[in-house]
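Take a look at the structure below.
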There are 2 protein chains.
Amino acid sequence: MTVKNAFYAQSGGVTSVINASACGVLETARAHSDKIGKVYAGHNGIIGALREELIDTSLESDADIAALKHTPGGAFGSCRYKLKDIKTHKAEYERLIEVFKAHNIGYFFYNGGNDSSDTAYKVSQISEQLGYPITSIGIPKTVDNDLPITDCCPGFGSVAKYISTSIMEASLDIQSMCESSTKIFVMEVMGRHAGWIAAAAGLAQREEGGAPQIILFPETPFDKASFLRRVDEVVKRDGFCAIVVSEGAQYADGRFLSDAGVTDAFGHTQLGGVAPFIANMIKSELGYKYHWAVADYLQRSARHISSATDLDQAYAVGKAAVDLALAGKNAVMPVIVREQDSPYKWSVGEAPLAKIANVEKKMPKEFITEDGFGITEAARRYLQPLIQGESYPPYKNGVPDYVKLKNQLVAKKLAHSFNV
Amino acid sequence: MTVKNAFYAQSGGVTSVINASACGVLETARAHSDKIGKVYAGHNGIIGALREELIDTSLESDADIAALKHTPGGAFGSCRYKLKDIKTHKAEYERLIEVFKAHNIGYFFYNGGNDSSDTAYKVSQISEQLGYPITSIGIPKTVDNDLPITDCCPGFGSVAKYISTSIMEASLDIQSMCESSTKIFVMEVMGRHAGWIAAAAGLAQREEGGAPQIILFPETPFDKASFLRRVDEVVKRDGFCAIVVSEGAQYADGRFLSDAGVTDAFGHTQLGGVAPFIANMIKSELGYKYHWAVADYLQRSARHISSATDLDQAYAVGKAAVDLALAGKNAVMPVIVREQDSPYKWSVGEAPLAKIANVEKKMPKEFITEDGFGITEAARRYLQPLIQGESYPPYKNGVPDYVKLKNQLVAKKLAHSFNV
C-alpha cells in the first residue's frame, strides 16, 4: 500500500501568522514521509480542490517552507467560499472526494474559522458515506478570536499586539500636539460581531484611565449623549482623547454606526467608515479638532509586529494537526489550552469539529467595564499573554524579506472541470 | 561669568524620531556642562517659552534621556504656533528674549520644519536688535521631507519604512483573497503638498510592476479615465490592484480629491477621506470589491518600525546642533549630506537658517514614471538608503516600553503672564 498524500488549504480572511500554521503542517509532514506522501495545497483554498488546482508543495525548498513562518498573507491563496448544504449540493462534496481519490489524498487539513470547521466536519461525514476514507482535521485561524473551546485563535494575538502598539504610539503623538492642535484621535479596528480586537487596545493604557481613554465595543449599545459627555470630560481632564472604535459598534436597536454614517460622492452609504463618522460627530457637537485612522488590512497582515506567542501557537496547531492525523484521529481540531495566566503557560489539546463548527464565542460581559468604555482586569489577564514576545521577520533593502513560493500546480487527472 | 543655560523646543507635527534629536541635544549638552548649564525644554514647544513654562530637563535621569531615542511623539509637547511678523508683533519676540534673560538662556535649539527655521532665524535677528545675545540653531525635522539643502529630513525615513512595509504586507493579504473576494485595496498616506511619502510605497514592489501597482501623487494631475483604465488592466493581469494615494492627490485644476469626496452624516465635506473616495469610485465604475485604509498618525508615530538610518540621523542632528553652538556658530542648521548612494554614506553639514526658512523642497519630476503611477530608478536610489536598518524599542508586557518623563516646570521668575 502506498502512503496517502495530504491536502492543505487556507480559508477565509488571512492573518499575519496563518502561513506559520502551513509551515507547521508541511514541516511535520516532511518529517513523516514514511506515512504522508506529498502535501498538495489548494490554490486559493478549497476552490483549488474543486477546480483540481493543486499546488505541489514538495517542489518548495526547506528554506522557503521555513520562511513561511515570517511571511504574512496566505501563501497558497485563500478564499471566501463556504461549501453549501450537503443535501442540496452533494455534487460539490462528491467532486472533492473525486479529486482526493484521483490524487491519492487521504488527509484533509483545513485552516480557517467557523465556516471552515463546518466544512472539515462535513468532509469527514461525506467520506464515510461515499466509502472513501479521509482523515479530516481542522486548524484554527481567525483574527476575530471567536472559535469556541480553544482559549484563543491563532492570528488574534498578532492583531492585538498591532492594535495596542499602534494606539499607544498615536496617543503619544496626539498628546504632544493637543495644546494647540488636534485633540481627538479616532482609530477604527476590525470586529464586526465582537469586541475582541477593540478590547486589545486597552492593553496600551500606561496607567489607570490613560489613553486610549475610550473604547467603543459592539457589545455596548452606542449612546450618543453619554459618549459625547465622556469625550468632553476626558479632553478637559487630559487635554486630548484617544478613541478606539470597533467597526461593529452599534446602536441599541442593532443598527451599525457605520451604516448610519458616511455617504460617498455617489450617494452610496460607505461601509467601514465608523471612524470618520465618530470624528465628525465630535467636531459637530463639541468643536474639537480631530484626526482619524482606519487600519483595515494593515492590522491583520502586520507580520512585522506579530506576537511571538501567537506565532508559536500558529505553528503548534499546524504541527499538531499532522500529529493528530498520524495518531489516527479524525474530525478534530487542535486547540489552545491555557494552563496558567501568569506566567503564561499553554499547551495544545483537541476538540471534535462537531462542537466547533458554526459556534461563535462571544466576549464575556465581565471583560467590559461598567461604564462600557474600557476593559476590566479580567480582560487584561486574558489578553496580556497573547501579545507577549516579538518575532521579527528578516529585512532586505529596508523592507521585510517575505518569501514568494513557486506555487506550481500538479497536472490534472480528471477529464472534466467543475464550475465554482 | 556663569555658563549660559539652553532652551530646546519641539515644533509642528511630531515624528517617531524627534525625541532622538532631543536626546542628541541633551546628551551632548550634559557632556559639556562646563559650557552649557541647564537645558530647559519648552512645555508644548515655543508656547512654553512665551508662557514661561520651562521644563527642567536636568531632573530627568540619564537612563530616561537615553530612552528618548526609542520613544515616539514629542516628549515635551510640541505645537503648531508660528511666530508672527516681527514688525507687527514685536511683543512676542520681546517676550521670548525677556524669558530667556530671566532664565539666563543663551542657546536656542529649535527642532522643526520650514516655519521653525524661520522662527529660529528671526530669533537670531531679534537678539541682535535687542542686544541680548542668543545662539540660535535649527534642528531639522519633518515627515514631509520638504526642507531645502539637507538631503533628507529626520522623521521621513521612518514614515517611508512604515509605508513600504505596510503596503507590502497588505498587498500579500489582498493577493491571497482576490480570487473570490476583495480585489482593490486603497491606502491613503500623508503628504498634502508633495508625494515624498507616497513615493516610498514604491519600495514595496518586489518585482517590476508589482504591488502596489498604482501610486497617486499630488504631482500627477488626477485623470479619472486613465486611472480607471489602469486599475482595470491591473486587476485583469494580476487579479488584484493595490493603490497608494497621497492625501494631496488633486485634479489638474488644483482641487484636492479629498475635497470633492466624502460628506459625513451632517453634510460636511470630510477631510482626509481620499481613500474611501477612490475606493468608491472604482466600485461604482468597475464593480470591484474593495477595502481601504487611512494610516494617518499611525504612520508618523510608528516607532516600532522606525528606520535605523533615520534614527541615527535624528540623533546626529541633535548632537551637531549643540556642537555647532559650542563652536560659536549662529543662525545655522545641521543638515544631512549624502556622500554616496550605495553603499550609503552620509555626514552632517551645516546651512544658514536664512537659506532654509520658508523654502519648500519639491519632489523632482524625474522621480515619477512617465505614466504618472510609479517611481523611477532615480527615486529608488534616493529613497532606498533612508529606510535601511531596524532599531526596535524594548517591550514590556507585549507593548513598547516608551519612556514618560517627569516634565517638571521650573519656578516662574516673571511677574506678568503672556497670552498665547
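Even glycines carry a Cβ here, placed using N, Cα and C.
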(message) Quick check on the annotation: TrEMBL has B:THR142, B:VAL143, B:ASP144, B:MET190, B:GLY191, B:ARG192, B:TYR297, B:LEU298, B:GLN299, B:ARG300 binding substrate, so which of B:GLU92, B:GLU94, B:GLU247 does it put in that site too?
(response) B:GLU247
(request) Please give the greatest C-alpha separation between any two of the substrate-binding residues B:THR142, B:VAL143, B:ASP144, B:MET190, B:GLY191, B:ARG192, B:GLU247, B:TYR297, B:LEU298, B:GLN299, B:ARG300, in angstrom, as a whole number. (result) 16
(request) Round to a whole number and give the Cα-to-Cα distance in Å for the pair B:ASN114 (Mg(2+) binding site) and B:ASP144 (substrate binding site). (result) 10
(request) Quick one: of the recorded positions B:GLY13, B:ASP115, B:THR142, B:GLY191, B:LEU298, B:ARG300, which have a CB under 8 A from chain A's CB atoms? (result) B:GLY13, B:LEU298, B:ARG300
(message) With every protein chain in view, what's the tally of Cβ atoms within 10 Å of the Cβ of B:ASN114 (Mg(2+) binding site), excluding that atom itself?
(response) 21
(request) By Cβ count within 10 Å, point out the most packed of the recorded positions listed: B:ASP115, B:ASP144. (result) B:ASP144
